[in-house]
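*Asks:* Right, I'll just put the structure down here and ask away after.
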Amino acid sequence: MHYVFDAVWYFQQVDWMGFTSYFGSLAGLVSSYDIATPTKEIQWLGSVFTGVFFCVIVYRLTAILSSMLFAGYGKLSSAEKIEWNNRGFSTVHALFVSFASFYLVMLSDFFNEDSQEELVINRSFTFSNSVLGISIGYFLADLAMILWHFPALGGLEYVLHHGLSMFSIILSLLSGQGQIYILMILFSESTTPFVNLRWHLDIAGLKSSKLYVWNGAALFFGWLIARIFLFIFFFIHMSTHFDEASVFSVKEIFPLGFYSLLVVPPVLTMMNLFWFWKIAKGLVRTLSKAKHSK
């Protein structure tokens with residue numbers, strides 16, 4: 001496990017200038033809005049590496065705290081400890097990005113139609129850029145672990161999910177466009193803590209506990225809201241503002257970003273529906289067992 005993070009650390013130390021130049025060139029290819037400046041490129045890179053560093057730190061803190069607070073942690077196999085710690089930084093990232101996305105889209109005036117003259121679809125801010133960059137760093141670190149330990153931490157569906165997520169976030173970050181839609185999708189990460197808690201309870205031998213049942217119910221309804229209803233709202237909102245000349249005009253997005261917005265969310269939706277079906281079946285089995293145990 002340490003080899004993965006040593007490799008990440010080494011990657012951060014080498015060819016900074018070359019990578020920065022490549023990052024800037026890519027930004028130039030992605031957008032014609034001249035958003036890429038040396039200062040912004042440094043901010044983007046800094047937020048990405050912050051995300052990777054955050055994953056390394058939380059991974060190690062999870063191992064330390066779990067060994068101190070959970071007696072059963074020492075009895076786990078090496079593979080189980082790796083996944084236990086991996087799900088630790090997965091949970092922390094999910095909490096961070098879901099709260100940040102909710103704040104940016106719902107509570108702040110950043111994407112309010114009347115807050116400024118610029119089209120909402122073209123708005124980007126230092127905070128929103130940082131959130132996207134940190135998420136890219138998380139997906140990079142998590143994908144590296146998935147590939148390194150493949151298929152122990154997840155199969156090809158996880159590789160596809162992370163790859164599509166990173167592709168969309170990178171396009172939005174470099175172009176400064178469509179961030180409101182990317183943040184909507186990132187809010188769906190709010191279901192991840194329930195998924196991880198379910199796994200932790202299972203591996204800890206608490207599958208028959210009330211907490212496992214309640215967490216399963218919370219996961220079902222959370223998934224229904226954040227990954228089904230939210231995506232329905234996403235598609236309705238996007239189709240409503242597809243052609244109209246408004247502050248949300250979807251057609252204002254540069255071509256690659258525009259077509260990725262048409263392709264990536266439907267693919268993620270199909271994956272969410274498949275996982276939701278499995279979650280529903282699991283909840284029915286859990287409730288059935290709980291009923292018969294009384």
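Glycine is no exception: its Cβ is also placed from the backbone N, Cα and C atoms.
As annotated by TrEMBL, transmembrane segment applies to 48-71, 92-111, 131-148, 211-236, 256-277. The domain 'TLC' annotation in TrEMBL covers 79-288.
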*Asks:* Give me the stretch from 92-111, 131-148, 211-236, 256-277 with the greatest number of Cβ pairs under 8 Å to the transmembrane segment (48-71).
*Replies:* 131-148
*Asks:* Based on Cβ pairs under 8 Å, which of the stretches 92-111, 211-236, 256-277 lies most in contact with the transmembrane segment (131-148)?
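*Replies:* Maximum Cβ contact count belongs to 92-111.
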